[in-house]
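Asks: So Swiss-Prot lists the following for this protein:
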SIGNAL    1-22  signal peptide
DISULFID  Cys42-Cys58  disulfide bond
DISULFID  Cys47-Cys63  disulfide bond
DISULFID  Cys57-Cys73  disulfide bond
DISULFID  Cys65-Cys71  disulfide bond
MOD_RES   Arg76  arginine amide
Amino acid sequence: MKTIVYLIVSILLLSSTVLVLAEGNAASHELQEYPIEEQRKCVDGSCDPYSSDAPPCCDNQICQCIFFVPCYCKYRGK
């Protein structure tokens, strides 16, 4: 009897795990359908390198932070 109960519980756990993984793959696939430029517009001015949600600097610019001055985008090599 314990074996049957164990088998049923194992099947239920396995099927729920498969469903969760399938939903996660579907969600990540939806994000990949749109290019990064459409998800987050770039900025030409102030930037925030410490936030993963902040948009990146445009083109060949980098985000530069100097002490207490707010961070800003500047062209590489200038």
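Placement of Cβ uses the backbone N, Cα and C atoms for every residue, glycine included.
Are these features on the surface or tucked inside, and what touches them?
Replies: Annotation for Cys42 (disulfide bond): spatial neighbours Pro55, Pro56, Cys57, Cys58, Asp59, criterion Cβ-Cβ under 8 Å with sequence separation of six or more.
Under DSSP, Cys63 (disulfide bond) is assigned to a strand (E or B) in the three-state scheme. Remark: Cys63 (disulfide bond) has Cys47, Asp48, Pro49, Pro56, Cys57, Cys71, Tyr72, Cys73 as non-local neighbours, by Cβ distance under 8 Å and separation of at least 6 in sequence.
Summarising the environment of Cys57 (disulfide bond), the number of other Cβ atoms within 10 Å of its Cβ, over all protein chains shown, is 23.
DSSP classifies Cys71 (disulfide bond) as strand under the three-state reduction.
Spatially close to Arg76 (arginine amide) yet at least six residues away along the chain are Asn60, Gln61, Ile62, judged by Cβ distances under 8 angstroms.
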Asks: Rank the disulfide-bonded residues Cys47, Cys65, Cys73 by the number of other Cβ atoms within 10 Å of each Cβ and report the first-ranked residue.
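Replies: Counting every other Cβ within 10 Å of each candidate, the maximum falls on Cys47.
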Asks: Can you tell me whether DSSP puts Cys42 (disulfide bond) in helix, strand or coil?
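Replies: The three-state answer is coil.
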Asks: So among the disulfide-bonded residues Cys58, Cys71, who's got the most Cβ atoms within 10 Å?
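Replies: By the 10 Å Cβ neighbour count, Cys71 comes out on top.
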